[in-house]
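J.: Copying in the features that TrEMBL gives for the protein in this structure:
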TRANSMEM  6-28  transmembrane segment
TRANSMEM  40-60  transmembrane segment
TRANSMEM  72-93  transmembrane segment
TRANSMEM  100-123  transmembrane segment
TRANSMEM  129-149  transmembrane segment
TRANSMEM  161-183  transmembrane segment
TRANSMEM  189-210  transmembrane segment
REGION    219-252  region 'Disordered'
């Protein structure tokens, strides 16, 4: 029975994680149509690639058993984020392209170092612990990135910059993987996603409190309410000078 539940919550995690990764398509549709990245930042997408690569690596059978579904969604997420970064590079100004390419090189170097060390230096449980810590740290960073938006909601008493379905998918994704980690007795999956589930629940509570104030007390800096995926997670973003970044990923 426990094995079936473990599989079910893993599948639910993959589904909700996919919805979370696809959220920024609204932003990139705008970028393609306008042939400009405007004031959008490409940094969240590059960092999400690192998070996805580390989590996908951790889920491989020779690193940790019974976590293949973790690899499936994060491998898919890495591919989706790579497409976002490619589109961003096509339409970004020259200076921004250089910055994103440099960061991408740094991110891929980190992943390569983790993969190399885990393959040729560490073995058995030490390999799992090393890769698990690396993946968990970046998962927590990704889930924690929307704290700026939550502060903005409390300050303005408006959910203008915090779409309901985005918060809902963060909660569902984090909860699914949290339970998956608990059932699999894997703290490297359970802990970061438990943190994500908690933050997702707080966002939903804030939405319930301030839902009737949407658009009334905060100036709307962006005409289409674009969504972005940040350190792994989707975020609301328009002009960085007017609106802070927020992210949710998700995802391990």
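Placed from the backbone N, Cα and C atoms, the Cβ positions cover glycine too.
Caution: TrEMBL annotation is automatic and unverified by curators.
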J.: Out of 6-28, 40-60, 100-123, which stretch touches the transmembrane segment (129-149) the most, going by CB pairs under 8 Å?
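T.: If we count Cβ pairs closer than 8 Å to the transmembrane segment (129-149), 40-60 scores highest.
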J.: Which one, 6-28, 40-60, 100-123, 189-210, has the most C-beta pairs under 8 Å toward the transmembrane segment (72-93)?
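T.: Stretch with maximum Cβ contacts: 40-60.
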